[in-house]
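Engineer: The structure under discussion is supplied below as structure tokens; questions concerning it will follow.
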Amino acid sequence: MSKGIATEEKAEEGAVRRLAHRLGVEFKLWADESYLIHPKDLLTSPEEVSDVFTSFRKSVEPLRDNVRSPLPIPSKLPPFPADVPEQAEPFVTPASLDDMVSRLKAPMKDLGLSNPPSYPEGAATSHPFRGGETQARARLDHLVQSGTMTNYKDTRNGLLGTDYSTKLSAWLALGCITARQIHSAMYTLEEGSAYTNALGHGKGENKGTTAVRFELLWRDYMALCALKYGADLFSLGGFAHSGQPYNTSEWSLLADQPEAFQRWQEGSTGLGLIDASQRELFLTGYTSNRTRQNVACFLAKDLGIDWRLGAEWYESMLVDYEVASNWGNWQYNAGVGNDPRGVGRKFNPVKQAHDYDMGAKYCRTWLPELRGAERDETVWQAWTLSKAEREKLGVVGLQWVERPLKQISWGKLGKGRKSGKGNKST
């Protein structure tokens with residue numbers, strides 16, 4: 001097994017170890033080599049890592065020069081088992097890969113939603129990839145050769161398409177590729193030793209490759225924070241209130257707002273950017289980093305619902321789920337994690353849509369009910385549709401159009417400067 005970092009993974013390791021010992025089977029626990037900075041190259045132990053990311057980042061700079069080379073490719077691997085033993089009830093042995101995939105997907109067919117979204121005609125997933133190391137390496141080569149890696153800084157906030165971001169996170173989460181392999185590919189581009197015709201060839205580190213390394217280091221940081229704080233990764237007060245009394249009364253539990261939480265899950269809140277992201281997530285297993293931040297902030301800071309419900313929903317939905325990154329980022333966006341601004345950082349999803357969803361193309365893709373809307377603003381704020389427009393679009397009576405969970409106005413928030421509660425809104 002690969003060594004885990006969170007409490008449940010560690011408990012599973014212990015259970016498997018004890019079972020193997022009882023059966024007389026050798027048990028091996030391998031270090032997780034998927035991270036960017038090798039643990040032995042850190043200046044501090046995980047228990048002493050700074051609670052401010054900037055301080056941690058400075059401790060490993062210059063980052064480009066502090067990353068080890070990837071491990072060499074093994075010359076041989078042990079053979080696969082000759083056969084798969086019969087499985088005791090209720091387990092079965094799949095007859096084929098397609099059969100196994102079908103069985104793994106079966107629980108996703110009924111997640112208890114009253115009105116699960118349907119796949120919109122003409123919508124294309126931004127994550128059409130297959131798993132495995134071969135596919136991961138092919139994707140990495142494409143990113144470098146096509147110039148996507150060099151352009152990453154300028155495109156990373158995109159919402160539609162396969163190449164606005166690297167989309168390497170799922171392969172990283174599953175161990176199909178490592179951060180050091182990604183660094184190595186970018187390094188050969190920068191040094192001019194490979195990818196001859198690619199944008200940025202031989203010109204050293206550029207703003208795109210710098211930004212990719214930054215994101216890989218953030219992934220390392222979330223893992224180190226999970227090791228530092230242990231079970232507080234899952235506590236309502238988060239890292240920010242570790243070991244301290246915490247007033248939980250400010251949060252709504254599921255029993256307090258069951259309808260609101262389900263509408264958030266289904267993508268029927270009435271806010272275009274939130275709903276488009278939630279539907280994309282449900283139908284494809286993926287949604288952009290930009291929309292993830294908005295969705296998390298909306299649940300935690302606008303609705304006041306226990307952020308852990310959102311983190312658990314993402315855990316069940318994301319194709320690139322990783323325990324530390326998912327739960328650590330949810331804490332960050334809920335204001336109880338490592339963000340120095342805490343609850344003071346707040347996203348305005350209407351302003352964010354205006355800034356990043358040009359022509360409302362993203363929202364129109366995943367909200368087909370609003371594709372015919374004349375003004376982008378009404379796609380992002382469906383309740384502003386006139387009676388005539390609602391009749392024309394056939395959305396009269398739709399709950400999320402008539403009664404949004406919360407009306408957020410870009411104009412009333414001073415175009416994102418200040419919210420009504422004094423939070424700075426992005």
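In case you wondered, yes, glycine gets a Cβ from its N, Cα and C as well.
Curation does not apply to TrEMBL; its annotations are automatic.
Annotation comment: TrEMBL describes TYR152, SER165, THR166, LYS167, LEU168, SER169 as FAD binding site. As annotated by TrEMBL, domain 'Cryptochrome/DNA photolyase FAD-binding' applies to 215-395. Summarising the annotation, TrEMBL assigns site 'Electron transfer via tryptophanyl radical' to TRP251, TRP307, TRP330.
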Engineer: Checking the recorded positions SER165, THR166, LYS167, LEU168, SER169, TRP330, which are within 10 Å of TRP251 (site 'Electron transfer via tryptophanyl radical') at the Cα level?
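Structural biologist: Those close enough: none at all.
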Engineer: Anything within 10 Å of TRP307 (site 'Electron transfer via tryptophanyl radical')? Look among the recorded positions SER165, THR166, LYS167, LEU168, TRP330, comparing CA atoms, and list what you find.
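Structural biologist: If one measures from the Cα of TRP307 (site 'Electron transfer via tryptophanyl radical'), the recorded positions that come within 10 Å are TRP330.
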Engineer: For the recorded positions TYR152, TRP251, TRP307, TRP330, which one has the sparsest Cβ surroundings, going by other Cβ atoms within 10 Å?
Structural biologist: TRP251
Engineer: Can you work out the mean pLDDT of the predicted model over the domain 'Cryptochrome/DNA photolyase FAD-binding' (215-395)?
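Structural biologist: Looking only at the domain 'Cryptochrome/DNA photolyase FAD-binding' (215-395), pLDDT averages out to 96.
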Engineer: Including all protein chains shown, what's the count of other C-beta atoms within 10 A of the C-beta of THR166 (FAD binding site)?
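Structural biologist: Step by step: centre on the Cβ of THR166 (FAD binding site), count other Cβ atoms within 10 Å, giving 21.
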Engineer: By the DSSP assignment reduced to helix, strand and coil, which category contains LEU168 (FAD binding site)?
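Structural biologist: The residue in question, LEU168 (FAD binding site), is coil (DSSP, three-state).
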Engineer: List the other residues in this chain whose Cβ sits within 8 Å of the Cβ centroid of the FAD site residues TYR152, SER165, THR166, LYS167, LEU168, SER169, in sequence order.
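Structural biologist: Output for this site, in sequence order: LEU143, VAL212, GLU215.
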Engineer: Might you list, by sequence position, any residue in that chain lying six or more from LYS167 (FAD binding site) with a Cβ less than 8 Å away from its Cβ?
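Structural biologist: The answer is SER126, HIS127, PHE129, ARG139, TYR286.
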